[in-house]
Amino acid sequence: METFATEIAKSLLGKLGSFAVQEFRLAWGLEDDLARLEERLKAINAVLSDAEKQQSKNDRIRLWLHMLREVLYDAEDVLDEIECETLRRQVVKTTGSTSSKVRRSLGLSSNKIAFRLRMGHKIKKIIERLAEISSLKSDFNLIEQPIDCGHVLHEETEMNRSFESFSGLIGRDEDKERIINLLVAPFKVVDAHPLVLPIVGMGGLGKTSLAKSVCDAENVKSHFELKMEACVSDDFSLKQVIQKIIKSATGEGCADLNEGELIQKLEDIMKGKKYLLLLDDVWDEDARKWMLLKPLLSKGAGGSKIIVTTRIQRVAEIMGTVTAYNLSLLGQEDCLSLFYKCAFKEGQMELYPNLVGIGKEIVAKCKQVPLAVINMGAQLYGKTDEKVWESVRDSEKWEEEGDGILPALKISYQRLPTHLKRCFLYCSVFPKDYVFADLVLVQFWMAHGLILQSSNPNENLEDVALRYVRELISRCFFQDYVDKIIGAIFKMHDLMHDLASSLAQNEFSIISSQNHQISKTTRHLSVIDPDSFFHQTLPKFSNEFHHVRSIAFADSIVGPTCKTDFEKCLSEFKHLRSLELLDDSEFEAFPERIGALKHLRYIHFGKNTNIKRLPKSIFKLQNLQALLTGEGLEELPKDVSYMISLRFLFLVTKQKRLPEEGIGCLECLQALYIDGCENLENLCEDMQGLRSLRRLVIAGCDSLISLPRSIKCLTTLEELFIINCEELDLMTIEEEIEEKIQPLSLSLRIVMFEYLPATIALPEQFLQGSAESLQTFIIRDCPNIEEIPDCIGNLKKLQNLEISDCPRLSKKCRSGTGEDWPKIKHIPKIKVADDDSDEETSHAALKKKTKTDKTSCVLKRQVQVELHKQEKKTRFTNVRVLSAKIFYDS
């Protein structure tokens with residue numbers, strides 16, 4: 001694995017210049033020690049760039065960089081400890097409390113001199129270690145280069161094209177047709193029930209894309225009453241597979257059901273129905289596991305069928321009831337078509353015939369594997385420098401062992417900027433088939449210091465990190481990207497996950513029943529099997545855990561022994577930055593020991609329904625930047641105000657009202673999600689304290705009656721989403737605003753109101769407050785809103801207006817004929833749709849209107865209406881709203 005020493009050194013130098021450390025220098029008298037540390041870091045940083053270029057060909061340099069990285073990590077821990085102590089003192093100062101109880105509850109050091117001496121000793125030790133390592137650099141004849149410790153601004157990547165069309169389905173029409181014919185063939189009594197059709201092929205051929213395309217075909221969907229899918233991946237757990245099937249069928253997570261209850265629920269879902277099930281990416285060759293699942297899947301009606309995708313012929317033999325469909329390599333001509341579509345902008349091929357020729361040579365090296373072809377094309381998209389194309393074609397990586405996929409993926413990785421390499425590798429902490437949410441992933445990256453500040457003062461860390469996500473998507477390191485307005489979700493191909501895992505193996509370890517080994521260099525743990533982790537790994541390696549910086553539990557922590565061991569091991573993770581419970585656990589109250597993890601920046605309680613309260617000690621975490629509570633939380637105490645570094649809060653609570661002097665005191669908070677709070681009637685009234693808030697999402701709060709008057713004081717707010725709040729009347733905002741004499745000055749760019757049946761009119765003055773900024777306005781499923789406000793003409797920046805499932809409003813806003821059409825016709829992009837109509841119009845579209853066959857128009861209209869009805873029905877099958885899907889259903 002690459003050391004990324006340069007990136008870590010830059011981060012350290014940034015920390016040394018931070019406000020907290022500068023304040024600490026003055027308060028504690030460690031100016032000289034910290035100045036020497038900074039000087040030593042700058043001296044080493046000057047040669048790091050050259051060292052990292054040479055490490056692949058010089059083992060001694062690589063070893064030197066690894067030694068350096070360990071010292072840099074330790075230095076980072078010391079600076080973070082200093083920062084935490086400074087932040088804790090800031091809390092005491094801000095609250096104005098000198099109470100020993102408050103100081104004790106925050107874990108504040110009582111002896112200033114002892115703390116200063118301890119930190120001074122640690123800093124001197126690090127300086128000595130750096131001096132030893134620095135003395136060795138003269139042996140390597142490294143060239144000093146200009147030091148760049150300042151801000152970075154990375155080039156924006158073009159995201160205008162859709163990668164959905166690059167799924168590898170080019171050239172697969174015949175395969176698709178054959179598989180469809182097998183699925184819709186008449187059911188015979190003598191046939192096995194259910195019929196199981198395996199699709200077999202090497203990784204990267206597009207088995208999953210093909211299978212999903214088959215399942216989505218209209219003649220297949222109409223043939224089956226129920227369609228379900230589950231990604232099985234490496235770990236064939238009966239309980240998890242059943243949970244995934246149920247979730248696919250109903251939208252329910254069922255994390256609180258035991259295996260017997262899950263089996264009964266699955267039987268009830270399938271009983272008497274002819275279903276189609278996709279079991280994707282099956283690896284396990286243990287026939288016993290399949291023999292446990294198969295009888296459960298026989299409860300459906302005759303003619304039910306299962307598609308299995310796998311790389312392993314033995315899996316096909318175990319599970320299949322008919323001859324497996326072996327997916328072949330993609331034809332060379334189809335590979336070329338796919339590559340050119342990925343690599344060239346429209347009309348560009350004809351301008352660069354030399355690149356077309358080089359591209360043909362690159363495609364030949366991909367050995368007819370679609371994933372390799374797509375990836376190579378994506379790396380070269382928009383690039384017209386012949387030397388760049390030649391460097392890809394002539395890369396030495398092609399000579400490494402492989403079938404065309406891994407060499408291609410390694411070349412893609414090699415061409416990534418360093419900041420994107422680190423972000424990509426850190427994704428290997430999460431299990432295969434994990435659904436990433438962009439807004440959550442960026443918080444995880446930020447917790448580990450992977451995001452460097454932009455030179456643009458208007459762009460914060462979250463903006464930069466979201467740009468990193470878009471860059472990785474554009475280069476095909478992520479796939480299945482879906483932009484849901486409120487946030488984007490995507491996955492990582494399992495081969496990409498394999499690549500990240502192999503490159504990060506020195507620092508990242510996966511703990512499972514097959515592997516429970518960690519090393520002294522392990523800093524990130526992904527625990528697939530908690531029982532194996534606690535019973536086999538802990539006794540042997542517990543003294544090494546103080547190095548670990550992140551841990552993600554991908555499976556439930558259940559049983560009294562596991563719970564006890566988990567509580568004990570928390571004390572070992574002294575420098576933990578992120579903690580995730582991706583699955584449910586039996587905790588009703590999380591262990592109090594979490595308060596000792598002063599370096600924690602990110603906590604994700606995942607789908608946890610059992611944790612009723614947060615431990616009191618959690619409010620000692622002054623470094624915490626992101627907190628995602630579980631679904632079972634009963635209340636959020638006002639002590640949350642002590643978490644002064646919090647930037648991201650996703651909250652589910654059973655409270656009727658949020659406490660004052662709690663959330664409203666979080667001056668650093670950038671994003672607030674209040675979701676699924678069915679009892680919540682009122683928010684806190686002191687929201688004016690959220691001086692940095694840029695995104696506010698209120699969703700699934702059925703009892704919410706009104707919004708606080710302080711919402712008009714959120715002058716930094718850029719995005720507002722209010723979704724699925726049955727009792728909320730938006731006009732309560734207007735009543736509060738009338739008290740204010742001066743006109744509002746807001747910064748909203750996006751506003752979305754969805755399913756607000758109690759709202760009869762839109763808040764005109766509130767919208768008018770964003771006349772200079774509002775760009776997108778979306779109104780959905782608000783049946784009682786009758787007219788568009790007059791202020792719509794004053795919204796100078798408004799580019800997009802969408803109105804759907806609002807029958808009265810839609811009628812008034814119909815193109816040309818609606819009473820309110822004159823108010824909105826100036827807006828560049830307008831979409832007006834309801835159950836009876838689906839109209840999209842824009843200036844460009846209106847100009848291009850031509851005569852169309854009347855019959856085809858009628859048919860198209862009927863199809864659109866039917867699809868819209870289905871979409872609306874699907875949207876309300878699950879009580880959980882869109883924001884919950886992004887953060888929990890993944």
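Cβ from N, Cα, C; glycine included.
According to DSSP, the domain 'Disease resistance N-terminal' (10-97) comprises 78 helix, 0 strand, 10 coil. Among the features that TrEMBL reports, domain 'Disease resistance N-terminal' is placed at 10-97.
When pLDDT values are averaged over the coiled coil (27-54), the model yields 84. Annotation comment: TrEMBL describes 27-54 as coiled coil.
Annotated domain 'NB-ARC' per TrEMBL: 174-346, in sequence order.
What TrEMBL lists as domain 'Disease resistance protein winged helix' is 429-500.
Under the heading domain 'Disease resistance R13L4/SHOC-2-like LRR', TrEMBL lists 561-760.
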**Asked** Going through 10-97, 174-346, 429-500 one by one, which has the most CB pairs that fall under 8 Å from the domain 'Disease resistance R13L4/SHOC-2-like LRR' (561-760)?
**Response** 429-500
**Complete:** Under 8 Å Cβ-Cβ from the coiled coil (27-54), and at least six residues away from its ends along the same chain, one finds 2-3, 5-6, 9-10, 12-13, 16, 21, 61, 64-65, 68, 75, 86, 89, 112, 115-116, 119-120, 123-124, 126-127, 130-131, 133-134, 137, 140, 142-145, 147, 149
